[in-house]
């Protein structure tokens, strides 16, 4: 966890430096200084990118489901972090899964390849429907027919448990 | 002065790009580098909404299109000829050697061998849309599917699809440029046409949509996007927040609507209500519900 704090502090520092450079760009008239500043800015941004990747990697190592996707909007929402999602070893039967339709204030869950995912705040699941499919179901086949080989889609979702039987 | 003076960057807003394309086309036509091509605009099973939308175009507008860009050989809504005389024009085209671009609006009705949608009559013989789509589709140099119905059936093929309508590709085994949308923004059609005339086929994505109009996810350029990122959702229409919880399809629809807008670039669906995904394949059935108040919790 100490690593993460260090990275965060470095990032704040870099942001401050970039802001300073931007102000400098406005103030200076000299072509040479401008080019130099631009170059420095370039370096700072590259550094920021590196820190960002480091942050993602670090949080993956700690095995925290909520933090790795920090730049993805869906996990910034309060719900995905503190709903029953914390425990992704929860087990669902098909009947239990069928209750999470995303209607009546329920969260929206779908199952793919035996894993139950929370799509409540997933952008592609507006009002808990996705291209005519509704939540609360096992969509393994549907996923396979449209998203063959697109495992990354599943990696962006928040797992909440396993589907049993 | 050097031979290639360094000019300030040209404006890249939509109207300037469209105006530059139109100006360039005019110059090329005047120099004789560019010959006016012929355009056939075939309306099949649909509501004529795309032609209405086309008439609303600006920069370039419809008048400019028919006077300076193409010879419009056939459009059943807009041409002066009528009845058998008009239909005969289509058969002449199908039999002759004239080169033409074919734009098709509306779906192809298959039921009873196409009898659910007629283009006209020759003598007593009814001429079906199906027959014309096949005849002209084989013959054209380029085929453009204009609007949701022509692209994949759209509202004409929505449940229960009594006329057994399909998209143009369903009856035509050839390369088709697809412009989904219900209706198509006039710029999307006119821009694609202008590109065809001047530079050939525009770059297409893997579903044959021109990338210059269909590459942006609405959600990514939505003015309400910051509300989504912060998890602030509208609970009913009219609230200025993200409409995700009431059924917005912006996150699954790719068009440049957020920046191009409609009606002379004045407003667009999300300016007032949700996006209903009209430019996404599978519209309307797979984009339903358009609005729902029975929502998930935040």
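These residue numbers are counts, starting from 1, taken along the chain as shown.
Yeah, the Cβs are placed from backbone N, Cα and C, and that goes for glycine too.
Feature annotations, courtesy of TrEMBL:
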- B:47, B:149, B:182: [4Fe-4S] cluster 1 binding site (BINDING)
- B:219, B:222, B:242, B:248: [4Fe-4S] cluster 2 binding site (BINDING)
- B:257, B:275, B:278: [3Fe-4S] cluster binding site (BINDING)
- B:47-196: domain 'NADH:ubiquinone oxidoreductase-like 20kDa subunit' (DOMAIN)
- B:214-290: domain 'Cytochrome-c3 hydrogenase C-terminal' (DOMAIN)
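Proximity to chain A (Cβ-Cβ distance under 8 Å) holds for the following binding-site residues out of B:47, B:149, B:219, B:242, B:248: B:219, B:248.
Considering only the binding-site residues B:47, B:182, B:257, B:275, residue B:248 ([4Fe-4S] cluster 2 binding site) has B:275 as its nearest partner by CA-CA distance. Counting residues of the domain 'Cytochrome-c3 hydrogenase C-terminal' (B:214-290) by DSSP class, helix then strand then coil, yields 27 helix, 6 strand, 44 coil. When the binding-site residues B:47, B:182, B:257, B:278 are compared by Cα distance to residue B:242 ([4Fe-4S] cluster 2 binding site), the shortest distance belongs to B:257. In sequence order, B:44, B:45, B:46, B:105, B:106, B:107, B:155, B:156, B:157, B:165, B:167, B:182 are the residues of the chain that are 6 or more apart from residue B:149 ([4Fe-4S] cluster 1 binding site) and have a CB within less than 8 Å of its CB.
Counting only same-chain residues six or more apart in sequence, the Cβ atoms lying under 8 angstroms from the Cβ of residue B:257 ([3Fe-4S] cluster binding site) belong to B:185, B:218, B:268, B:269, B:270, B:275, B:279. Geometry remark: residue B:219 ([4Fe-4S] cluster 2 binding site) versus residue B:47 ([4Fe-4S] cluster 1 binding site), CA distance 28 Å.
Each of the binding-site residues B:47, B:182, B:222, B:275, B:278 was scored by the number of other CB atoms within 10 A of its CB, and the lowest score belongs to B:47.
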